[in-house]
């Protein structure tokens with residue numbers, strides 16, 4: 001079967017022929033229909049410092065997908081051949097304190113598909129049946145293909161009460177863009193998104209952001225004054241940029257709450273006085289809550305949330321290089337690849 005493989009320890013991804021995997025007793029074989037390129041996949045493609053210490057060459061990458069059940073393991077019940085599914089890409093152990101305590105998204109033994117084990121950029125893949133998420137008929141496959149990052153956005157946006165609140169989102173990648181839309185959809189007052197990429201800031205505005213700010217051209221403090229704000233009640237840090245995080249700390253209202261998804265450089269510093277003397281709450285966000293986030297994000301789409309606005313490109317798998325080029329250049333929202 002075709003698969004996108006990190007063949008060499010260099011920049012690039014290669015379309016190769018690999019064997020079709022065989023599902024174990026509790027696993028399901030999935031025939032992939034559509035997959036989406038994630039920022040993580042771009043890191044692996046670029047072969048940056050994180051990838052070099054994390055990824056083993058020869059890996060089939062990818063973790064954002066939708067497909068149909070092609071084969072059931074001998075112990076699997078509750079699913080049918082041909083059923084359309086996505087899946088939680090974090091495979092957890094099921095027996096640690098957090099898994100047994102109802103917090104599997106915090107499992108210290110988590111294995112990520114497309115990072116630690118072979119992933120979804122292939123014609124077929126296997127997944128534990130317990131990780132599957134059935135996709136309702138009303139949701140098109142090109143949207144279901146990126147439920148994984150949509151879930152990251154939902155986890156962040158729903159971590160704190162944003163109804164009637166002023167929200168600052170630093171980083172207008174696809175997750176930040178989606179989070180901006182969720183915050184407005186559920187009743188935030190002002191949602192301000194910052195970045196230095198005008199293409200993606202426009203997507204955030206289209207998704208419903210009150211104001212978008214290119215911080216290389218405009219002062220965030222000036223925007224706050226224009227909106228008659230004393231500070232932000234909720235911050236969602238999506239950029240992984242320490243300067244953006246420190247700007248957020250500077251602009252938070254006393255008692256504000258921050259959800260952090262962006263991964264900061266090792267050794268990145270911050271002004272701890274701002275956190276302490278403003279009484280800020282800072283909450284790390286990892287993955288999606290299993291499976292509360294999946295329920296909520298599915299119902300958001302079914303209730304009219306415009307997830308489609310972040311989808312900018314759909315390409316056949318043979319044009320995968322164009323998709324990675326668009327991502328590298330920052331000239332795309334979500335890029336979906338078709339395996340049909």
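Using N, Cα and C of the backbone, Cβ positions are placed for all residues, glycine too.
If you check Swiss-Prot, you get these features:
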{"type": "BINDING", "residues": "38, 63, 64", "note": "Zn(2+) 1 binding site"}
{"type": "ACT_SITE", "residues": "40", "note": "active site, charge relay system"}
{"type": "ACT_SITE", "residues": "43", "note": "active site, charge relay system"}
{"type": "BINDING", "residues": "93, 96, 99, 107", "note": "Zn(2+) 2 binding site"}
{"type": "BINDING", "residues": "175, 195, 200, 261, 262, 263, 285, 286", "note": "NAD(+) binding site"}
*Where among the binding-site residues 38, 107, 261, 263 do you find the Cβ with the fewest other Cβ atoms within 10 Å?*
263
*Setting 38, 63, 64 aside, what same-chain residues sit with their Cβ within 8 Å of the center of the Cβ atoms that define the Zn(2+) 1 site, listed in sequence order?*
35, 36, 37, 40, 41, 62, 65, 89, 114, 119, 120, 146, 148, 149
*List only the single closest residue to residue 40 (active site, charge relay system), chosen from the binding-site residues 63, 99, 107, 285, 286 by CA-CA distance.*
63
*In the structure shown, with every protein chain counted, which of the binding-site residues 93, 285 has the densest set of Cβ atoms within 10 angstroms of its Cβ?*
285
*Which value in Å gives the longest Cα to Cα span across the NAD(+) site residues 175, 195, 200, 261, 262, 263, 285, 286 as recorded?*
23
_Integer Å distance between the CA atoms belonging to residue 43 (active site, charge relay system) and residue 263 (NAD(+) binding site)_ = 12
_Spatial separation of residue 93 (Zn(2+) 2 binding site) from residue 38 (Zn(2+) 1 binding site) - C-alpha basis, Å_ = 24
